[in-house]
């Protein structure tokens with residue numbers, strides 16, 4: 001329950017604050033509210049049908065049977081994941097069913113906050129132009145047809161779980177899926193207005209850092225809770241998480257200083273996030289020295305794709321991924337998954353994984369096959385999210401426009417919500433150029449920032 005609360009704090013208020021602060025002032029309210037709404041909507045959908053689709057009895061090799069997780073008789077019994085019993089080829093039990101020593105209600109809530117933050121991360125790709133009504137429809141549809149598939153396949157007892165694909169705490173289920181789906185949704189929604197793409201300064205860098213801090217510290221619940229117990233494995237996971245996050249932040253900052261001559265605060269936050277994301281699939285499965293290797297690569301590979309490849313590849317230029325979620329979550333998540341297949345330590349694997357004798361490629365023997373499994377698992381998540389997210393976006397657009405009106409794109413929060421983030425003029429009165437002079441968040445400066453949101 002403590003781990004679940006920490007993960008919940010990553011979204012509300014963590015990413016709500018981060019999103020509301022890292023965007024242009026006119027989109028602060030809309031961006032924060034998209035995150036807040038998504039989290040609330042997921043909670044209700046999760047307990048009515050989503051949880052059992054992700055962790056209930058098997059319907060298909062990649063999907064569980066839908067049903068409510070609301071009744072007392074269901075919630076007060078000991079938690080169990082019925083499809084997780086692992087068998088040998090001859091039918092003998094290899095690993096018993098996952099049955100943590102607490103009520104099902106704890107499991108339902110713990111997994112709920114993971115589902116919630118996945119939608120909040122995804123929102124980062126479409127900030128500043130997606131219609132809020134379309135977002136209201138998108139959240140339950142994507143949760144139902146995308147998230148539950150990844151969760152059951154890799155965690156709930158689906159085919160990737162039993163095949164032995166490693167995803168300790170959501171490198172694939174959460175980060176790769178949200179990064180690919182966000183990038184796909186950004187394509188269908190279309191780019192921000194030309195003016196917003198040219199200049200998109202954060203409205204409050206210090207508050208953005210507060211949100212980022214909640215995200216970092218909350219990751220102790222994110223990775224520390226996934227052994228479903230306070231044990232040796234959870235301690236290793238939390239330590240590795242912080243080692244990797246810190247290393248990645250430092251590497252990203254060093255690269256900014258070397259190539260751009262200035263240490264970007266936004267860049268440091270992006271580096272922190274890529275480190276935390278990349279260690280997630282292997283947090284409790286690798287040694288501390290490997291966490292440093294993870295951090296070096298997560299601070300450099302996504303930096304390279306965001307700062308170099310993005311500027312030279314027309315596809316990435318064409319699709320407007322507002323906060324660079326493709327780089328910070330999809331690239332970092334896939335990178336972490338592959339590195340887990342390389343560095344997963346046999347004894348640590350035995351503490352957590354259902355397939356006995358699992359190990360990474362550097363430990364020889366059958367370890368080399370693990371890298372192929374990791375690549376195949378990532379390919380499934382990428383393919384499913386590309387196709388199904390596209391179908392969802394096209395279907396919603398037939399009923400309600402995915403994109404805001406041109407007037408809303410020009411005005412921002414006031415046009416969409418009738419509210420603005422900051423009362424800069426008197427006691428909450430709105431800006432009026434005839435009374436308050438020429439000032440807005442579009443004021444030109446001599447030199448633009450090199451921060452990630454400007455680059456993206």
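Glycine is treated like the rest: Cβ placed from N, Cα and C.
Pulled from TrEMBL:
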{"type": "COMPBIAS", "residues": "435-445", "note": "compositional bias 'Basic and acidic residues'"}
{"type": "DOMAIN", "residues": "1-422", "note": "domain 'Ammonium transporter AmtB-like'"}
{"type": "REGION", "residues": "435-456", "note": "region 'Disordered'"}
{"type": "TRANSMEM", "residues": "27-49", "note": "transmembrane segment"}
{"type": "TRANSMEM", "residues": "107-127", "note": "transmembrane segment"}
{"type": "TRANSMEM", "residues": "139-160", "note": "transmembrane segment"}
{"type": "TRANSMEM", "residues": "172-190", "note": "transmembrane segment"}
{"type": "TRANSMEM", "residues": "202-222", "note": "transmembrane segment"}
{"type": "TRANSMEM", "residues": "234-253", "note": "transmembrane segment"}
{"type": "TRANSMEM", "residues": "265-283", "note": "transmembrane segment"}
{"type": "TRANSMEM", "residues": "289-309", "note": "transmembrane segment"}
{"type": "TRANSMEM", "residues": "330-355", "note": "transmembrane segment"}
{"type": "TRANSMEM", "residues": "375-400", "note": "transmembrane segment"}
Worksheet item: So are the transmembrane segment (107-127) and the transmembrane segment (172-190) touching or not, going by 3+ C-beta pairs under 8 A with a sequence gap of 6 or more?
Response: yes
Here the mean pLDDT of the domain 'Ammonium transporter AmtB-like' (1-422) is 96
| CB contact flag for the transmembrane segment (234-253) and the transmembrane segment (139-160), at least three pairs under 8 A | no
- Query: Is the number of Cβ-Cβ pairs under 8 Å between the transmembrane segment (172-190) and the transmembrane segment (139-160) three or more, considering only pairs separated by 6 or more positions?
  - Reply: yes
Spatial neighbours of the transmembrane segment (139-160) not adjacent in sequence (6+ beyond its ends, CB under 8 Å) are 37-38, 41-42, 45-46, 49-50, 53-56, 58, 61-64, 81-85, 111, 114-115, 118-119, 122, 167, 172-173, 177, 181, 377, 380-381, 384-385, 388-389, 392, 395-396
Same-chain residues at least 6 beyond the ends of the transmembrane segment (289-309) with a Cβ under 8 Å from one of its Cβ atoms are 239-241, 243-252, 255, 259, 267, 270-271, 274-275, 277-279, 282, 316, 324, 327-328, 331-332, 335-336, 339, 343, 345, 452, 455-456
The answer for the transmembrane segment (330-355), taking Cβ pairs under 8 Å and residues 6+ beyond its ends, is 84, 86, 94-95, 98, 161-164, 166-168, 171-172, 174-176, 178-180, 182-183, 227, 231-233, 236, 273-275, 277-282, 284-287, 290, 293-294, 297-298, 301-302, 305, 361-363, 367, 370-375, 377-378, 382
